[in-house]
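Taking it in order: structure first as structure tokens, then the write-up.
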Amino acid sequence: MYDNALHIRHLGKQDYESVWHAMQHYTDNRDENSQDEIWIVEHTPVFTQGQAGKSEHILNPGDIPVIQVDRGGQVTYHGPGQLVVYPLLDIKRLKVGVRQLVTHIEQSIINMLKRYQIEAYAKADAPGVYVEERKIASLGLRIRKGCSFHGLALNVDMDMSPFQRINPCGYAGMEMIQCKQLGGPQTVEEAGAQLIETLSQELGLDKLVHHQGLPESYE
């Protein structure tokens, strides 16, 4: 039974594909009684190519796997030291439109960075969050049956060199930046704790229930 809470799942370090398939499974099997969940994870190195992605934007993947996925957007990189957050929300029940959800997610990142005196902003024509024209967070969602999956990636303290092997989000020469360079949160755990606060505030959901690991049936 839906309990009007936001269930936060702390997944730790996980490979991309197992988490992707688990969130597909969760979304496909939801009904009006399913909980709204947010999954927090750090992925092993991977390039993911969204539905709008073009192969020419993957310049030189080397030994990092490339996975074609069912989210919006183009190619991005996930790796250790990056906070990845997947909001699995019934947006119909929350009475939130898709564009509104994107705005809530972007604003929650902006509000979180503001706590560290970092001035970040969104761009109308290029989803994500930016600081001084450099990208600090990427965003790519999918809506199925009125429910969201996939989500956001915030660069915290990571090896940024793999971004040079792609045109991030399809933009040649797009410069990336991370929290550590700016005096922001120094660990994925710190960033995750802060972002859950600002994201739940943006969504108007103040009852939080924390869990460790994937739902049992999806492990």
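Backbone N, Cα and C atoms are what each Cβ position is placed from, and that goes for glycine too.
According to Swiss-Prot, the active site, acyl-thioester intermediate annotation covers Cys169. In the three-state DSSP reading, Cys169 (active site, acyl-thioester intermediate) counts as helix.
Taken from Swiss-Prot, the feature substrate binding site covers Arg71, Gly72, Gly73, Gln74, Val75, Thr76, Tyr77, His78, Ser138, Leu139, Gly140, Gly151, Leu152, Ala153, and the record attributes it to sequence analysis. The C-beta environment of Ser138 (substrate binding site), restricted to residues of the same chain at least 6 apart in sequence and closer than 8 Å, consists of Gly73, Thr76, Pro127, Gly128, Leu152, Ala153, Pro168, Cys169.
Here Swiss-Prot flags 32-207 as domain 'BPL/LPL catalytic', drawing on sequence analysis.
Long-range Cβ contacts of Lys135 (site 'Lowers pKa of active site Cys') within its own chain (separation 6+, distance under 8 Å): Gly128, Val129, Pro168, Cys169, Met174, Glu175, Met176, Ile177. According to Swiss-Prot, the feature site 'Lowers pKa of active site Cys' maps to Lys135.
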Among Arg71, Gly72, Gly73, Gln74, Val75, Thr76, Tyr77, His78, Ser138, Leu139, Gly140, Gly151, Leu152, Ala153, the record's substrate binders - longest CA distance, Å: 16
Most Cβ neighbours inside 10 Å, all chains, among the recorded positions Val75, Leu152, Cys169: Val75
Segment confidence, the domain 'BPL/LPL catalytic' (32-207), expressed as mean pLDDT: 94
DSSP three-state assignment for Arg71 (substrate binding site): coil
Cβ packing number for Gly140 (substrate binding site), 10 Å threshold: 25
